[in-house]
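Here is the structure we will look at, set down as structure tokens.
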Amino acid sequence: MELLIASAIGVLTAAGIYMVLRQRTFSVIIGTSLLSYAVNVFLFASGRLTVNAPPVLRDGVDVYADPLPQALVLTAIVISFGMTAVVVIMALGSYLSAGDDLVDVPDPHADIPQAPQTLRGEAVE
Amino acid sequence: MTHWIIAPVVLPAMLAAILVLVARFHISLQRTLSVAGTVVLLGIAAGLFWQASDGTISVYQLGHWQAPFGIVLVADRLSTLMVLVTAVLAPLVLLYAIGSGWDTRGRHFHPLYQFQLMGIMGAFLTGDVFNLFVFFEVLLIASYGLMVHAGGAERLRAGTQYVLYNLLGSTLFLFALGTIYAQTGTLNMADLAERVATLDLADNAGIRVAAVLLLLVFAVKAAILPLHFWLPASYAEAPAPVAALFAIMTKVGAYGIIRIYTLVFPPDLALTQGLFDTWLMPAALLTLALGMIGVLGARRIDKLVAFSVIGSMGMLLSAVAVFTPDGIVAALYYAIHSTFATAALFLLVDVLRDRRGKAGAWLNDAVPVAGGPLVAGMFFVAAIGMTGLPPLSGFVGKLLILDAARDSALVWWVWGTVLIGSLIAVVGFSRAGSQIFWRSHQVALVQADTAECEDEEANIADLSPPQPALPMVAIGSLIALLVALTIFAGPVTRNLSATAAQLFAPEPYISAVLSMPGKVIKSDSYGDDHADDATKQTDEGGH
């Protein structure tokens with residue numbers, strides 16, 4: 001089981017990093033989701049892997065499942081879920097307003113002033 | 001009385017909820033509540049600072065659970081100092097946001113601002129590393145909203161980049177925390193300090209990995225060299241009051257480094273030997289160089305200030321990397337100074353962008369700025385502060401850093417980089433200042449000569465609209481704080497020396513956190529399934 005979990009974390013992380021290094025926000029968001037899955041499994045495994053063990057300490061129990069990583073991973077899942085939702089909306093907004101979904105900020109400095117309104121962010125449609 | 005410790009977290013959280021539920025359509029009510037909230041926050045922060053200023057370490061147990069099991073908030077000198085700096089910055093930036101009308105250019109500015117404050121305060125006060133992660137996420141998610149406040153294509157693009165970068169940082173943070181938990185079985189900072197000290201060097205590669213990962217996480221927040229890419233675009237594109245508030249956010253990263261690496265991985269620990277001399281110091285010096293070169297190369301005034309933030313973080317972290325009490329004193333003094341200097345500069349940049357018409361933030365020829373002498377004077381003073389020329393606090397801070405670095409092995413590198421870097425920054429700032437404030441008069445004369453009354457009309461039209469006073473009051477107060485920091489440099493550094501001394505003798509902190517008794521579960525219900533479940537759930541709810 002250790003091998004299975006460890007290789008799953010490894011593959012998820014590798015795939016996530018590959019996707020994160022891509023140029024378009026869609027792939028990058030997929031990449032961050034994969035990374036957050038990897039870290040969730042990793043957190044879960046940080047309390048050691050046990051099967052069929054009671055969750056809390058009790059007298060006379062030697063093998064138990066650590067409940068704390070489960071609480072941690074719940075928090076991490078909720079947070080990464082919320083963050084992914086935020087970044088999807090922002091990437092969508094950026095795509096709709098700029099016309100492409102590249103991640104890098106284009107260099108608008110090639111030739112001096114653009115309309116100041118776009119720099120200051122008002123009234124851009 | 002101990003409940004005051006959680007007030008800086010609870011107050012903005014409740015206020016934000018009220019603002020968004022009750023006052024969402026009433027901008028004046030929002031403004032009143034928001035300002036009142038930050039003023040009360042300042043009072044509470046001052047109270048906490050006063051309470052900790054005699055060296056007491058107050059501990060607050062959430063849900064009254066004893067330390068390694070429940071989460072604690074700890075108010076020691078360092079935490080209360082950072083809370084106070086944030087609380088001083090918050091109302092001033094808020095005044096600017098109200099005066100300049102930034103809060104009406106999009107929705108929900110005030111609630112997001114309060115949530116941001118809640119996250120920052122919580123990050124400074126918490127005594128639990130996982131809770132630190134949670135507060136980081138609170139401050140980040142509020143900053144995402146603030147970052148794209150008022151919208152616009154370029155801002156959304158920079159915002160998306162900022163969010164993605166920080167998502168990766170959060171993932172890294174979780175990996176670090178998982179490793180720490182797997183190696184030590186605890187996440188409470190004081191408990192960690194005790195357990196890490198007993199770990200054996202040979203078979204604990206994991207905890208070394210965790211220490212480096214954690215340093216990387218804080219380096220992302222503090223924008224240290226290979227991890228600084230998110231900063232220039234985000235800070236330059238963010239709305240000015242938000243960028244000014246972000247001045248404290250890079251300091252959260254620096255705070256994390258100072259806190260974790262004095263308490264959990266202290267400098268004499270064999271496990272993390274060489275982390276600072278070999279890695280952090282060169283990275284900090286390169287950051288400093290990069291920031292100052294960026295100041296010289298910037299073609300927009302907002303980018304220039306953003307790069308000066310990177311430079312100042314490099315300066316601050318080179319003082320941290322010395323890792324002696326003197327170094328920490330210098331770093332903290334410089335952190336306070338650069339927070340106010342950066343905030344003042346970002347607000348001034350916004351005034352310039354506003355008043356320069358089409359030229360905006362570009363460093364090119366344009367007509368003079370309306371209200372020129374006042375703005376120019378403020379820019380001059382703030383730039384002196386930022387670049388660290390005498391007589392302002394930047395100079396004092398830099399002297400402290402140079403002095404602290406004397407015993408470091410890399411002393412000549414530090415001295416050389418700091419001094420040459422400052423020189424470059426002075427050149428960069430004076431070039432920008434003279435371009436905007438002096439050359440513009442030449443341009444105006446030429447324009448008046450060649451084109452007739454029409455252009456002249458335009459020149460005058462630019463000068464005519466009445467300028468609201470509130471933004472200038474906010475910027476003026478920030479600059480006054482710099483002056484005060486210079487005048488009271490003596491008392492401030494004495495206080496900071498006590499702070500550093502407390503940091504380098506962590507035993508009272510550890511014993512204060514761990515020896516505080518918590519609630520007792522009645523022994524007759526112990527072993528009963530339901531009671532066990534209930535305790536477990538409360539524990540989870542706490543996280």
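Placed from the backbone N, Cα and C atoms, the Cβ positions cover glycine too.
The following features are taken from TrEMBL:
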TRANSMEM  B:6-25  transmembrane segment
TRANSMEM  B:32-52  transmembrane segment
TRANSMEM  B:78-98  transmembrane segment
DOMAIN    B:127-424  domain 'NADH:quinone oxidoreductase/Mrp antiporter transmembrane'
TRANSMEM  B:162-182  transmembrane segment
TRANSMEM  B:209-231  transmembrane segment
TRANSMEM  B:238-258  transmembrane segment
TRANSMEM  B:278-297  transmembrane segment
TRANSMEM  B:304-324  transmembrane segment
TRANSMEM  B:330-349  transmembrane segment
TRANSMEM  B:369-389  transmembrane segment
TRANSMEM  B:409-429  transmembrane segment
TRANSMEM  B:469-489  transmembrane segment
REGION    B:524-543  region 'Disordered'
*Residue numbers, six or more beyond the limits of the transmembrane segment (B:304-324), whose CB comes under 8 Å of its CB atoms*: 222-225, 228, 231-233, 235-236, 243, 247, 250-251, 254, 257-258, 261, 267, 276-277, 280-281, 283-295, 297-298, 330-331, 334-335, 338, 341-342, 345-346, 349, 363, 386-387, 397-398, 400-401, 404-405, 407-408, 414, 417-418, 421, 425, 428-429, 432
*Does the transmembrane segment (B:209-231) make contact with the transmembrane segment (B:278-297) through 3 or more Cβ pairs under 8 Å, each pair 6 or more apart in sequence?*
yes
_Which range wins on Cβ pairs under 8 Å with the transmembrane segment (B:330-349): B:78-98, B:278-297, B:469-489?_
B:469-489
*Thinking of Cβ pairs under 8 Å, which stretch from B:6-25, B:238-258, B:278-297 has the most of them with the transmembrane segment (B:78-98)?*
B:238-258
*Determine which residues of the chain contact the transmembrane segment (B:238-258) at the Cβ level, with the cut-off under 8 Å and only residues 6 or more beyond its ends counted.*
78, 82, 85-86, 89-90, 93-94, 96-97, 100, 102-103, 105, 113, 116, 120, 123-124, 132, 136, 139, 143, 146-147, 149-150, 155, 158, 214-215, 217-223, 231, 280, 302, 306, 309, 313, 316-317, 320, 328, 331-332, 335, 338-340, 342-344, 346-347, 349-350, 353, 503
_Within-chain partners of the transmembrane segment (B:32-52) [C-beta distance under 8 Å, separation at least 6 from its ends]_ = 4-5, 7-8, 11-12, 15, 18-19, 23, 58, 75-77, 79-81, 83-84, 86-88, 90-91, 94-95, 98, 110, 113-114, 117, 121
